[in-house]
């Protein structure tokens with residue numbers, strides 16, 4: 001009888017520690033999610049700041065714009081941080 005109570009006691013301790021660890025796991029995942037959200041917001045803010053200055057943004061955007069418009073069979077041109085696709089005449 002004493003052995004059964006001892007093993008039951010150990011099982012309860014293991015279950016309690018598992019529940020505690022599961023709670024910590026959620027806490028850790030929440031912290032990771034918050035950090036990733038902060039990083040995303042900082043990157044978005046930096047990109048918006050960069051693209052607000054057209055003299056810096058156009059060189060960054062231009063290559064993407066050329067490729068984007070080439071897929072549409074057009075010529076890509078960056079104007080005021082916006083990609084303009086000019087249609088090619090046949």
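Cβ coordinates are placed from backbone N, Cα and C, and glycine is handled just like the others.
Positions annotated as signal peptide by Swiss-Prot: 1-22. With a threshold of 8 Å between CB atoms, no same-chain residue lying at least 6 positions outside the signal peptide (1-22) comes near it.
What Swiss-Prot records for 55-90 is domain 'BetaSPN-type CS-alpha/beta'.
What Swiss-Prot lists as disulfide bond is 58-78 (among others). Classification of residue 78 (disulfide bond) by DSSP places it within a strand.
Around residue 83 (disulfide bond), the same-chain residues six or more apart in sequence whose CB sits under 8 Å from its CB are 61, 64, 65, 68, 69, 76, 77, listed in sequence order. As annotated by Swiss-Prot, disulfide bond applies to 65-83 (among others), with the evidence given as sequence analysis.
Under DSSP, residue 69 (disulfide bond) is assigned to a helix (H, G or I) in the three-state scheme. Among the features that Swiss-Prot reports, disulfide bond is placed at 69-85 (among others), with the record citing sequence analysis.
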May I ask for the distance between residue 85 (disulfide bond) and residue 78 (disulfide bond), taken between their Cα atoms and rounded to an integer number of Å?
9
